[in-house]
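**Student:** Have a look at this one before I ask anything.
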Amino acid sequence: MRHIAIVGSGPAGFYTAEALLKSGDATIDIIDRLPVPYGLIRFGVAPDHQSIKAVSRRYEKVALTPGVRFLGNVHLGADVSSEELLHYYDAVVLATGAPLDRRLGIPGDDLPGVVGSAAFVGWYNGHPDFADLALPLDQGDAVIVGNGNVALDCARILAKTPGEFVGSDIVAHAFEALGSSAIRAITILGRRGPHQIAMTPKELGELGHLEAAAPLVDPDDFPPAGTDAALDPGQRKSVELLRGFAASPPDGSKPRTITFDFFAKPIAIEGEGRAERVIVERTALGPDGQARGTGQTYAIPAGLVISCIGYASPPIPGVPYDEALGRYPNRDGLVEERMFAVGWARRGPTGTIGTNRPDGFAVAEAIDAAFPPGTTDTGRDGPAGLDRLLASRGCDPVLFADWQKIEAAEVAAARAGAPREKLVRVPDLLKASGH
Ligand code: NAP
């Protein structure tokens, strides 16, 4: 029997487990530092995108398959080391995602009121690390940096009315705080232009249908319409949506405005003891398609600044780490002998949830090649060894059956119309799990 440890219970981890189950003859332990499974599905996907979150039912089936275990509340690097995992398991798969915010790296990016998207998204999605995040929602102006889908998620969540959260699982503290938010002007800064956005049509289109907010785009920011033909179909659709926004500017009937400010690079954040304004430099595209500063600067008022400019994976003691890439250097997923990376830990923070599936299958194939099903007896102890080690350290993992108790408690506590009310603190999660 082969023994595989997967670190991280988000999409990449579960798709890898699913792929490994196809060839069988394996015990698969999925470890997570939090007492709850599903990673990005629970803590990253927007609470008003419940249909995307439904994929967790597929992961649940994997978790309930004999030979697969979920071990939450087990922290790699604290409760168990990577060397110990390699000692007990034939292969270790890092599916830790990319949960750390990349810093803007400009003066003032550490002022109160400046947060990264991992923190803001974690806050409204009930991630225990961000339950107490202080957000200046009493200020009128917010600036969002970045032109990707995460920027759209953040703008939409800031712009929605309480009624628009019906059916979502936005956590109570965020629902209440956003319900009384004073934010009226939301500016999305893109350092390049409309043709260079990383926003997909469905997500962009949502901004055109908000109850109390309207998008504002400057028609002068577009290249000639004929040049749209060279874009791939998805990008062309997104640019068409932007052109539509530009053609019908807000008529004043909605109290909030979401302004797209293109060719705008933040160079500093200023304020007396907290963020008050973002200093922006106008850019132009260089011959390489990258943004070049023009030297022309201006200020945008901003009590809240959310940077949505990408993420990094967490360094793990004993595991090679590339600071510049923000992830584990690997060749086709192989980090070092018997250690693999999948998903964002392998490729960086790009692609949709489904993009992780082929990654999982590729790594499962590599593991099958190194340890063919039915032929291995490596003498490694697998789950029994880990259980002994964790018990000796007083670490009591949250198993999948324990998680199901948490899930039942969250469903029972849901406000009217919501699928669940997430518990947002580790002690509360552990208590609900029966620990
Ligand atoms: P992203 O798509 O890579 O976008 C990052 C944005 O940040 C880009 O516009 C980039 O501009 C900009 N940027 C990077 N560094 C910057 C800097 N120093 N100053 C100013 N701007 C900077 O990343 P993301 O939005 O975090 O999304 C991550 C992945 O999750 C993507 O694949 C996304 O599609 C996916 N996602 C999907 C959904 C959904 O399907 N509903 C929702 C959320 C996220 P440049 O292009 O100029 O580098």
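Glycine too: its Cβ is placed from the backbone N, Cα and C atoms.
Annotations in TrEMBL come from automatic prediction, not curation.
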**Student:** Which of these, Glu203, Glu206, does TrEMBL list as part of the NADP(+) site with Asn147, Gly148, Asn149, Val150, Arg191, Arg192, Gly351?
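**Tutor:** So, going by the record in TrEMBL, that would be Glu203.
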**Student:** Look at the FAD binding annotation in TrEMBL, where Ala12, Leu76, Trp344, Gly351, Thr352, Ile353 are given, and name the residue from Leu40, Leu104, Leu386 listed for that site too.
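**Tutor:** Of Leu40, Leu104, Leu386, Leu40 joins Ala12, Leu76, Trp344, Gly351, Thr352, Ile353 in the FAD site that TrEMBL records.
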**Student:** What is the Cβ neighbour count of Glu203 (NADP(+) binding site) at a 10 Å cut-off, with all protein chains included?
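**Tutor:** By my count, 19.
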**Student:** Within 10 Å of the Cβ of Ile353 (FAD binding site), how many other Cβ atoms can be counted across all chains shown?
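**Tutor:** So the number of other Cβ atoms within 10 Å of Ile353 (FAD binding site) is 18.
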**Student:** List those of the binding-site residues Leu76, Arg191, Glu203, Trp344, Ile353 whose Cβ lies under 6 Å from any atom of ligand 1, in sequence order, or write none if there are none.
**Tutor:** Arg191, Glu203
**Student:** Highest Cβ count within 10 Å among the binding-site residues Ala12, Leu76, Val150: which residue is it?
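**Tutor:** Buried the deepest by this measure is Ala12.
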**Student:** Can you tell which of Gly148, Gly351 has the least company, meaning the fewest other C-beta atoms within 10 angstroms of its C-beta, among these binding-site residues?
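**Tutor:** Sparsest of the binding-site residues Gly148, Gly351 by Cβ contacts within 10 Å: Gly351.
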**Student:** Which Cβ among the binding-site residues (Arg191, Arg192) has the fewest C-beta neighbours inside 10 Å?
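**Tutor:** Taking Arg191, Arg192 as the binding-site residues, the minimal 10 Å Cβ count falls on Arg192.
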